[in-house]
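The next block holds one structure in the form of structure tokens; read it before the comments.
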Amino acid sequence: MTGAMDLLLSVRGHQRVPSDTKEFHEATKRDALMRLKKDLDNLLETVEDTRRPAVQKEMCGFEALYHRFLQEDGPSVEWDRIEKLPEGAVKDYSTIKSPQEDHIRDMLDKLVVVKLNGGLGTSMGCHGPKSVIPVRNDLTFLDLTVQQIEHLNKKYNANVPLVLMNSFNTDEDTEKVIRKYKGFQVQIYTFNQSCYPRISRDSLLPVAKDFAIENDIEAWYPPGHGDFYQSFQNSGLLRKFIEEGREYCFLSNIDNLGATVDIKILNRLIGDDQQGDKPIEFVMEVTDKTRADVKGGTLINYENKLRLLEIAQVPKEHVDDFKSVKTFKFFNTNNIWARLKSIERVLNAKTMNMEIIVNNKTLDNGMRVIQLETAVGAAMKCFDGGIGINVPRSRFLPVKKTSDLLLVMSNLYSLKYGSLVMSPQRMFPTTPLVKLGDNHFSKVNQFLSRFANIPDLIELDHLTVSGDVTFGRGVSLRGTVIIIANHGDRIDIPAGAILENKIVSGNMRILDH
């Protein structure tokens with residue numbers, strides 16, 4: 001039997017349908033919305049009285065997202081209406097002025113730093129929040145973030161707060177961890193993003209039966225980082241910071257080790273380099289696209305507004321155009337600066353309208369579900385006076401896989417006040433391209449067990465490792481190195497080995513005598 005979801009998706013693909021079919025689908029949508037309202041009412045009945053007002057707010061957000069999902073037909077962007085980025089839409093970072101030293105403290109006191117901390121470390125084989133994975137000198141993502149902000153506060157005698165947006169997956173563990181920062185010169189606030197029910201792909205109704213989330217965690221999901229704005233307001237923190245006289249938030253993924261507070265960008269927003277009467281309401285940091293970044297979202301001009309274009313929004317026949325480095329020169333780092341009063345204005349006017357990402361999943365029990373999500377950068381079109389800033393690649397250093405971990409643990413970087421600084425010994429500012437085989441390297445523990453210590457990567461351009469490969473102490477990798485152990489074979493790279501522009505394959509074991 002064709003599910004309601006398949007029916008809806010098939011109608012989205014065709015613009016011309018006979019009127020009776022169209023009426024049938026309209027009726028189907030109306031029916032789905034009515035049934036959803038009834039299901040949500042039943043779910044709310046299971047919430048304890050003290051939590052009900054907060055949960056009701058969340059479910060209103062979910063219902064609005066669901067309603068838009070039903071209403072929107074066809075792609076959100078018509079390819080032929082994408083316009084060239086206007087002159088000056090993307091500022092070059094090198095043209096932004098540094099502030100006068102005696103203004104920095106005042107600027108910092110108008111800033112809030114927000115880190116997206118909703119993700120688990122499961123893709124790298126770790127339990128709990130991703131932010132507590134050690135990445136350098138036994139320091140975690142969270143440790144490094146706290147160090148960075150404490151250094152700023154101490155150096156300029158400022159009071160920049162750190163705000164963590166957790167999800168129901170990471171909240172409890174994060175609260176335990178942040179107790180250790182009590183003596184630090186950083187005020188830490190947390191709030192939870194929404195918790196939405198997953199929807200059955202067949203019935204288009206929530207799979208959850210009650211609000212005992214911990215009893216059926218698979219029935220719920222955090223709806224992407226686009227949920228930041230509404231949840232930030234619901235938490236009361238947005239109003240609190242506005243009342244304190246704070247003006248901007250700087251928001252980034254906690255696993256992007258390059259996303260540190262940038263004094264020059266802050267100066268462009270509220271300091272000596274501020275231009276014109278109208279404040280900039282939204283800044284998206286972009287960086288030059290390379291062939292490794294072809295799937296990343298890009299900045300476009302559409303209907304006279306700058307906006308984010310993600311690969312999921314691109315019609316199939318134009319995906320190659322989207323991936324072209326020539327056509328779209330930049331990609332989104334997900335480092336966002338937004339004016340607090342403007343966030344409040346857009347939310348209160350109910351004009352926050354981000355593209356819906358339909359994420360298909362299959363649960364452990366085989367049930368097919370969908371998650372409706374949004375991306376934080378997609379809100380750009382809802383603000384006035386948004387700009388892009390083309391930042392150096394060093395501001396985009398995400399750790400998504402163990403191949404990224406290899407780079408940040410290596411001698412390519414040194415650690416300074418919680419920030420990673422690329423070694424001056426490296427001839428090029430680009431990071432090497434590293435591909436490690438999933439079967440033997442994808443989990444952190446597996447990965448660590450294969451290196452006696454992290455090799456010297458200062459002169460490395462490209463590394464591919466596949467199969468059962470281990471590295472001895474003091475190995476040096478230079479140029480392009482490819483190491484492939486065939487199935488059933490094993491390669492042990494001996495201690496002190498220097499591999500420069502080498503391909504190693506087959507079976508190589510160095511035996512101790």
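Glycine too: its Cβ is placed from the backbone N, Cα and C atoms.
Bear in mind that TrEMBL entries carry predicted annotations, made automatically and left uncurated.
Features of the protein shown, as given by TrEMBL:
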BINDING   Lys130, Gln193, Gly224, Asp255, Lys400  UTP binding site
BINDING   His225  substrate binding site
Next item on the list: With UTP as the bound species and Lys130, Gln193, Gly224, Asp255, Lys400 as its recorded binding residues, calculate the greatest Cα-Cα distance and give it in Å as a whole number.
Entry: 21
Note to self: To see if you understand the setup: which same-chain residues, six or more apart in sequence, place their Cβ under 8 Å from that of Gly224 (UTP binding site)?
What the structure shows: Ile357, Glu373, Thr374, Ala375, Val376
Item checked: Inter-residue C-alpha distance, Lys130 (UTP binding site) and His225 (substrate binding site) (nearest angstrom) -> 15
Margin query: Just to be sure I understand: of Gln193, Asp255, Lys400, which binding-site residues have a C-alpha no more than 10 angstroms from the C-alpha of the residue listed as 'substrate binding site'?
Written below: Gln193
Item checked: Under 8 Å by Cβ from Lys400 (UTP binding site), counting only residues of that chain that are 6 or more apart -> Ser123, Asp255
Next item on the list: Write out the long-range same-chain contacts of Gln193 (UTP binding site), meaning residues 6 or more apart in sequence whose Cβ is under 8 Å from its Cβ.
Entry: Gly118, Met165, Asn166, Ser167, Pro222, Pro223, His225, Asp227, Phe228, Ser231
